[in-house]
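Take a look at the structure below.
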Amino acid sequence: MRNTPLSLQSNGTEALNATAKFVATPEGTALAYGSLVFMALLPIFFGALRSVSCSKSKNSADMPETITSRDAARFPIIASCTLFGLYLFFKVFSQEYINLLLSVYFFVLGILALSHTMSPLMCRVFPSSLPNKQYQLLFTQGSGDSKEEIVNYEFDTKNLVCLLISSVVGVWYLLKKHWIANNLFGLAFALNGVELLHLNNVSTGCILLGGLFVYDVFWVFGTNVMVTVAKSFEAPIKLVFPQDLLEKGLEASNFAMLGLGDIVIPGIFIALLLRFDVSLKKNSRTYFYSSFLAYIFGLGLTIFVMHTFKHAQPALLYLVPACVGFPVIVALFKGELTEMFSEDKKLNQNYQLLQSKHTTVG
């Protein structure tokens, strides 16, 4: 796979966790966990909707990335190697210098992700009285008949405004590392991942979720690697919310956290089921809503178990069975289980037709 889904490369299946030195009030805990759940639902819901209308574009940033069964099978191995590599880096090298390099890296990526996320909203609120000029960034190689396009990116004034606003957030994050700026970038990464990462069929989704289910359980329960990297990694690869917000306001510093992988991985499967609903042409979103509710249940169960046992939990341990099991049960009751797993070609053909129509209308 290409490096488009940056939030997925960051080993984002860190468990929900709270610092043991601080005893949060019940109100602060409820606010923190409730806010994390709400923030997790936003990129899944809107990313899934945007994945349906995601059409082919001349801009490479808008092209969906398709995950095949081979990619899905290899991903847990690649993620494990990356995670353990980061763990060794933090053990051998200075954490300060590593996070400085990562901050600059995610500063650039965050600006681009947030700009892309804001683009549809800017198209609605941009004043019609202002001129919206078109621009094109073109890099070519060679000359004459042998000229080859390397980069061909088209944008307009609205995109430049989004880039400017995103840059302000980026500077804020780079200088202050404030948790709100972190969450803005994290939400943008998650939404872009759900929107632009497309599973090619339901079977591939089951392979991916099943593999990462084992990956998450092993690295959280079997070792301290996942939790160590999650606490050491100062980058917007996780959503955070302070449990001491009521006491300290915006300067609060004791956070509960949720890794972006616990949002994006189930999110791309939920988005696939929405596209499957569309492919059935029944004007129903049964599988999407059932998987969306399953995600809420699974995340709530994760928080409950973590809060009860006071130990970091691999969220995918609860999310994967819920997000896969609920839609499968619905398919069994509706008599569409065979269709769900055997008509992957139909799903892709109908989805490509939908994309073609959307491009024509656009």
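Every residue, even glycine, has its Cβ placed from backbone N, Cα and C.
Quick look at what TrEMBL lists:
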| type | residues | note |
| --- | --- | --- |
| TRANSMEM | 30-52 | transmembrane segment |
| TRANSMEM | 72-90 | transmembrane segment |
| TRANSMEM | 96-114 | transmembrane segment |
| TRANSMEM | 181-199 | transmembrane segment |
| TRANSMEM | 206-230 | transmembrane segment |
| TRANSMEM | 255-274 | transmembrane segment |
| TRANSMEM | 286-309 | transmembrane segment |
| TRANSMEM | 315-333 | transmembrane segment |
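Contacts between the transmembrane segment (181-199) and the transmembrane segment (286-309): absent, as fewer than 3 C-beta pairs lie under 8 angstroms at sequence separation of six or more. At the 8 Å Cβ threshold, with sequence separation of at least 6, the transmembrane segment (206-230) comes into contact with the transmembrane segment (72-90) through 3 or more pairs. Within the chain, the transmembrane segment (96-114) has long-range Cβ neighbours (under 8 A, six or more residues past its boundaries) at 6, 61, 89-90, 162-163, 165-167, 169-170, 173-174, 177, 184-185, 188-189, 192, 232-237. Across 30-52, 72-90, 315-333, the stretch most heavily in contact with the transmembrane segment (255-274), judged by Cβ pairs under 8 Å, is 30-52. Residues of the same chain lying 6 or more positions beyond the ends of the transmembrane segment (315-333) and with a Cβ under 8 Å from any Cβ of it are 13, 15-16, 205-206, 209-210, 212-213, 215-217, 258-259, 261-262, 265-266, 269-270, 273, 286-287, 290-291, 293-295, 297-299, 301-302, 305, 339-340.
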